[in-house]
Amino acid sequence: MRNILLCENMTKVQKEVRCDHCGTSQGSKSVFSGQKVFLGRKITDVLETITHRSIPSSLPIKICFVCTSTFMSSAALIEKVRETVDRVQEQPAKKTKVAEIEEPSTQESDKKAVKVPKKNTTLRQRSKSIAAFPPSFVNGANTNTEIEIISASPKKLDKTPKKQISRLFEDNLNDSVKLTPAKEVSSTKKAFLNLFGNGGNDAIEVLTESEEEEDSDKGPITINTNNFQCPECEFHAKFPKPYKEHLQKEHGLQRPRIYPCTLCIKTFGVLKTLKNHLRDTHSRTFESEAKTKAKESKEKEAKSGAKNKIDAKAKETNAVSQRKKPKEKKSKEKKTEIKCNVETKVVDEIDDQVNNKKGTDSEDADQTQATKIASFKALNESLMKKRMLENVIDSEYTFAINGSSASTPRADSNNFQCEICDCELMTAKQMQEHMKTVHSIDKPKVFKCHVCEKSLATKQSLKTHMTLHADGAEAPNSSKRKILQDEDEDVDILGTTQIENTAEKVEGPKKSQQSPTKAAKFTNRKILQEEDEVVEIVDAFKTDNTAEDDEGPAEEKIIRSRNNIQHQVDGGMIAPRSPAKKTKKTSHVDLSVSTTNGNSPAKSEKRKKQDKSEDTLPSSDVDIVEEINYNVRPHKKARLESIGDSTADESTLSCDRCGKFVKSRQRLDSHMEKKHAAKLQCTLCKEVYQNQMDYVAHFSNCGSEGGLPCGVANCKKVFTEANFLSSHLRKRH
């Protein structure tokens, strides 16, 4: 029981809250916070009316019920006092209005007593409203009040010029007009003021000033972009970048705006935005100070040059006129007239010359521009025709392909179409992303051959593939690209080759040709490489017309074959390869020489010919031969691509582990090295796996808290999920 009572007392103590105003502690229900409403008003609003301060709504104030009731009564008292003060302040204003109404009535009573001649009816129309007041109100006014009202009326009339003018007319003027304009005359009353001869000059001046302002507004705005002064310190910079860095580092401005607009308050951080702002909002152009200075200097030079020319012409004419002067004296007036006429004539002549020059220059410029435009048009027409022909494919068009029944077929569109969902996209990159995201194909083959409909992954591979079709169309009987296996032996072909030939290797009859004169002939070295079969080398040498050498230039045919006897060729010049084909591996070349005479020549004769040809070779050819790299090997990637593209009677090979089919032995070796040669060793359990799937699957039993490491020796990557690891092993290793 004691414990229960203690708990109840504790709860009572906790619920009691202390008042901030009177300090008494009461229950939480009888205490009001700042947000609570008492008799339709918040406690904070009541405190603001009493203290005349702005009190935040989140003020942690607590007031008891008694204090809040006293605050409410004091707030009501303050509001009542305000109302009485406002009511008292409004009463004097009403009395002054009554005084203003009484003033014209007293003046009218005085005017009735004294006989006054008639006034202008137009000026007395304002005083007709006085008849509305009773006569007792007018007669009962005291003289003292009249004097006070009259003395006080001009002070109020200063604020209203219309009333002041009317009162002055009624009091002081008889059949006369006096104008007292206000400080600023409105535009609507300028015409009325001009009737009396005043304000005309002002209006003209205003118009001229406005016109000048409009003319000045149309010109470009010049801003100095090479002088930046910090307004907060003495920092000075010539370029914007260091000035921005200074404002960011020293003054803490995150985005400093260093280009202010001279026509408004806005500032900009980039000069381009300032130019756009001036163009769009103010319809003005921007010019730097350097450009304006250059323009001004050019204008000054042009003006000074024109003045100098005019002065020189005037001096010349004066000298001529002085020589041709008659002896008779003329009056000063005639002399001045002659001088003026001469100067005007000189100016007219200069203007005519300038106009003639401009006309001739403009005609020449028009002629040159016309020729240029004609040439440009011709070039553009030829280029457009070429582009149109390039867009049209050589294959036969049908209306069914284009999907139209028009009389003229259209060129195929360059859009890429998905074979799965028939989606058309503009670029190859978009199609690749579409195939990856929508159809989940890792390596999409987007480029398609229009001849054999083979799909390829890159544009370069499509080009190399198209060369195969082009080679097949040009030479259908020639065999396709052959892979030459011996890489270390190079074929060097020169115009002067040393060949050991016998009578058994002669293939054709000798052709006898005689040189008609002893004149020297040009050495022409033509190396013609046919489609992987025949290379013809034609050498025309300088020969002497002797009994021993009656033979003309020899034509040598070098035929590549596998079964003939191999001869190593000495020399240094390699036969150029066609640019469309890829680099091929060089190997042994079997040579069979067809000489130009009836019998096979002796070795001594050939050696003599060789010595002569070497003597006749120019020094430039020798230098070129010496600079040639004889041991050129194709790049590994190009070699592998040529191996992969070759289809010359190759049997397909298959991998004994995964069953993949390849077309060459080197492809199979590279596949074995990449996929099956690497051993995967787990860094956690130290087990070795040959298969990638087994290695990834063993992590279900092995602890994978620290991640899934790549099992390759030199690879240190770690992955969080198994699919990431498997894709890494499949693509990289």
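We count from 1, first residue shown onward.
Just so it is clear, glycine is given a Cβ too, placed from its N, Cα and C backbone atoms.
Note that the coordinates shown come from a computational prediction; the quantities given were computed from them, not determined experimentally.
These features come from Swiss-Prot:
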- 17-91: domain 'ZAD' (DOMAIN)
- Cys19, Cys22, Cys64, Cys67: Zn(2+) binding site (BINDING)
- 90-121: region 'Disordered' (REGION)
- Ser109: phosphoserine (MOD_RES)
- Ser153: phosphoserine (MOD_RES)
- Ser176: phosphoserine (MOD_RES)
- Thr180: phosphothreonine (MOD_RES)
- Thr188: phosphothreonine (MOD_RES)
- 228-251: zinc finger (ZN_FING)
- 259-282: zinc finger (ZN_FING)
- 285-336: region 'Disordered' (REGION)
- 416-439: zinc finger (ZN_FING)
- 447-469: zinc finger (ZN_FING)
- 499-525: region 'Disordered' (REGION)
- 540-622: region 'Disordered' (REGION)
- 592-602: compositional bias 'Polar residues' (COMPBIAS)
- Ser600: phosphoserine (MOD_RES)
- Ser642: phosphoserine (MOD_RES)
- Ser646: phosphoserine (MOD_RES)
- Thr647: phosphothreonine (MOD_RES)
- 653-676: zinc finger (ZN_FING)
- Ser654: phosphoserine (MOD_RES)
- 708-733: zinc finger (ZN_FING)
Arithmetic mean of per-residue pLDDT over the zinc finger (259-282): 89
Within-chain partners of the zinc finger (416-439) [C-beta distance under 8 Å, separation at least 6 from its ends]: 446-447, 459
Candidate with sparsest Cβ neighbourhood (10 Å radius) among Cys19, Cys22, Cys64, Cys67, the listed binding-site residues: Cys22
8 Å Cβ shell about Cys19, Cys22, Cys64, Cys67 centroid, Zn(2+) site members excluded: Asp20, His21, Gly23, Thr24, Gln26, Val31, Ile63, Phe65, Val66, Thr68
Nearest-integer angstrom distance between the alpha carbons (Cα) of Cys64 (Zn(2+) binding site) and Ser654 (phosphoserine): 97
Residues satisfying Cβ distance under 8 Å from Ser654 (phosphoserine), sequence separation of at least 6: Lys660, Phe661, Val662
Where Ser654 (phosphoserine) falls in three-state DSSP terms: strand
Secondary structure content, the zinc finger (708-733) (per DSSP, counts of residues): 11 helix, 4 strand, 11 coil
Per DSSP, three-state class assigned to Cys67 (Zn(2+) binding site): helix
